[in-house]
Amino acid sequence: MSKTHFGFETVEENEKAKKVAGVFHSVASNYDLMNDLMSAGLHRAWKAFTIAQANVRPGGKVLDIAAGTGDLTKAFAKAAGPTGEVWHTDINESMLRVGRDRLLDKGVVTPSLLCDAEKLPFPDNYFDVVTVAFGLRNMTHKDSALAEMRRVAKPGGRVMVLEFSKVWEPLKKAYDVYSFKVLPWLGDKFAKDADSYRYLAESIRMHPDQETLKTMMEQAGLDAVKYYNLSGGVVALHVGTKY
């Protein structure tokens, strides 16, 4: 059995999937709070930038992977309109349920599907835009997930990855203090779950940096891959096109 990382811990691949599932079952009901704590509220601006870059048109087909509470899904559904097709998907049943209920509460009726990004149940060449926000770093086989995202994108379609990344060097010390000291404390204080928040901080550090992820997307067959550093590299939006 192959080994992989769960935060800073080395575990069996099948064990990682179970541990990640446990984290997100635990944080699902407080996921928006978690995002606020992890990003100091900036996740809204990062998502708004991603939505603008996606430029979804009326009638567009969009796949939102690891869609969680549905922030991107909601915006894409509005942009695609009644003639569009926007899928809200997640591998975690708790996250999917919370997101589906919140979308319905906001009057957004769009399909929600429990699925694994490494084995997407969609045909080739189907979507105009495929997005994953703050989900890729939790996947065991990132290369497989990226290849699947490319597969289901139409020729000319785009794959977009919004993810925590490598912060600029002058900010690193302060960012480490926040990630490994402040964040678990906040997780314990507000969500009674310091361990899950500690894992999330560790998973960010183990995630590929901007240039490495760019290379991985190119190796998955995507072209014209570029990235935008946001908030000093705390987050990066990578965009690749399928030609």
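Backbone N, Cα and C define each Cβ position, glycine as well.
If you look up Swiss-Prot, you'll see THR69, ASP90, ASP116, ALA117 marked as S-adenosyl-L-methionine binding site, on the strength of sequence analysis.
Here the binding-site residues are ASP90, ASP116; the one with the fewest Cβ atoms within 10 Å of its Cβ is ASP116. A strand conformation is recorded for ASP90 (S-adenosyl-L-methionine binding site) in the three-state DSSP classification.
Listed in sequence order, TYR31, ASP32, MET95, VAL98, GLY99, ARG102 are the same-chain residues six or more apart from THR69 (S-adenosyl-L-methionine binding site) with CB atoms under 8 A from its CB. Taking Cβ-Cβ distances under 8 Å and a sequence separation of 6 or more, the neighbours of ALA117 (S-adenosyl-L-methionine binding site) in its chain are ILE65, ALA66, THR89, ILE91, VAL132, GLY135, MET139, ALA145, GLU148, MET149. Max Cα-Cα distance over the annotated S-adenosyl-L-methionine binders (THR69, ASP90, ASP116, ALA117) is 17 Å. Under the DSSP three-state reduction, ALA117 (S-adenosyl-L-methionine binding site) is assigned to helix.
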